[in-house]
């Protein structure tokens, strides 16, 4: 299952680097009209924001931007083409490391759950991680806008590294789940930070190609990751821990150059006059209150707690004493929903500097992109989590071979999106892709229902995965491009945060559906098909992928297990295919904005 790669969205690339025309520095907002900014509400007498200066003739950021956005423009006005190239190269290596470790994780994660005899709950860490990581994006967007791109990136790097360390050192399934939660929050937030930074560094016309370039490492890691993952799995004892510990060392080393480059460039921008910090004239307590309002601390708290409380019951209700009737499950749903409702009221009427501009809610392109992302993620994760286990048990593949098939998405999308991004940069249009990819994706999932049995050659599954990769990759690209085309530079971070939140909620819901359906279909079918001689080992067969694969292909017990898998997969795929039909109206909602006609950024950009 390509959980980590897929979730937060496919990305990036490079072409010809050059300075945009002066008029590209001006803010415009195609499709939304003038989106109300946030910084106009500040006291001009007391601001820590970057302010324009003209004394030395230095080119300046747009006026009226929040500090983090103005800093981003100051950096693009300061750095050279060489530095821009090196930043893109560092981002490429970051995605290479992330894709590699995610591919290794996908290969060994079912065996980690089996190590603790919780294979049937192997989707639980991801579901909980999604619930928590979904709550990160909007606060992180606010941090990127008010504090800075580099600082937000550093915080998410720390979270990612901490998660990897916890997973490597865990002594129980609960600690493993906690580590994975930090890992998901960190890597999801890190990818989001890099997405925003990539948008800062690119013209809208070239942004799709840039995202395609920096996602291209998946072409390499799709093959290498499962191979390395199988080697970790083959280590004696709990050698799988090195599958996490290795990356806890490599990742921060890879991330450090980007952080220091951003900070160095910003200091250089201040020296050259592209960015100037003026004394605010406030006391300590006045400054504290100012930044509480700027960061919207109350709104951040209400949203974060409310979203986690509302999402978690969908992940843990099945393990509660009375299921959905358990008192704390009901309380979490009610309190979480109430807090999210109050959050909307707070942002509309009370917040001085809202996290989200209410104009987004009225924009059909933003709504359509978010709903398409949620539908796609929900549909995909309804069936994908148990797919690698399915390939190993039903088709008799090794973990390495199953990993290769599961990462077909990465191979196909890595190549396809380069051509798609180039095409968009030349034509200026993107919506035509959805008219091709939505029907293709629905067809592919429907074919997987038919080819789920052991009697079919695994080549049919490969064919379906190729079709799914074509459709899914284009969905992700179009969603990102459409929502960024609908806003101006000031709102890049919040627009992408909104898209990530909705998408993460969708895949979390999909994983929850997958876990619930699996636990209510697979054991029932297993009891029905298992021969009497194997019933004494039922618990081990149900909970351990090791045990399932231990029975020889063609044996009565292995055939029974394969039938049980097919019974469960039928229902998972049927639900996912039915949900995906909703993508049709969401496609109609999205406007086909001409990306060649909308300037958004300034400076030395791609």
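Cβ coordinates are placed from backbone N, Cα and C, and glycine is handled just like the others.
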Exercise. Between 106-128, 129-151, 152-174, which stretch does TrEMBL give the note transmembrane segment?
Worked result: 152-174
Exercise. Transmembrane segment per TrEMBL sits at which of 553-571, 572-590?
Worked result: 572-590
Seminar exercise, completed: Among 266-288, 496-518, TrEMBL lists transmembrane segment at 496-518
Exercise. When TrEMBL marks a stretch as transmembrane segment, which of 189-208, 209-228 is it?
Worked result: 209-228
Exercise. If we call contact 3 or more Cβ pairs under 8 Å (sequence gap 6 or more), are the transmembrane segment (240-262) and the transmembrane segment (496-518) touching?
Worked result: no
Problem set entry | Same-chain residues at least 6 beyond the ends of the transmembrane segment (152-174) whose Cβ lies under 8 Å from its Cβ atoms | 68, 101, 113, 116, 118, 121, 140, 143-144, 180-187, 189-190, 192-194, 197, 241-242, 244-245, 247-248, 251-252, 255, 258-259, 262
Seminar exercise, completed: Ranking 83-101, 366-387, 496-518 by Cβ pairs under 8 Å to the transmembrane segment (209-228) puts first 83-101
Problem set entry | Proximity verdict for the transmembrane segment (297-316) and the transmembrane segment (496-518), three or more C-beta pairs under 8 Å | yes
Problem set entry | Paired segments the transmembrane segment (496-518) and the transmembrane segment (407-425) in contact, 3+ CB pairs under 8 A | no
Exercise. When you scan the chain for residues with a C-beta under 8 Å from the transmembrane segment (407-425), skipping those not six or more beyond its ends, what do you find?
Worked result: 2, 5-6, 10, 13, 15, 99, 103, 106, 205-206, 208-213, 215-219, 221-223, 225-226, 433, 462, 465-466, 468-470, 472-474, 476-477, 481, 595-596
Exercise. Have the transmembrane segment (432-452) and the transmembrane segment (83-101) got at least three CB pairs under 8 Å, pairs 6 or more apart in sequence?
Worked result: no
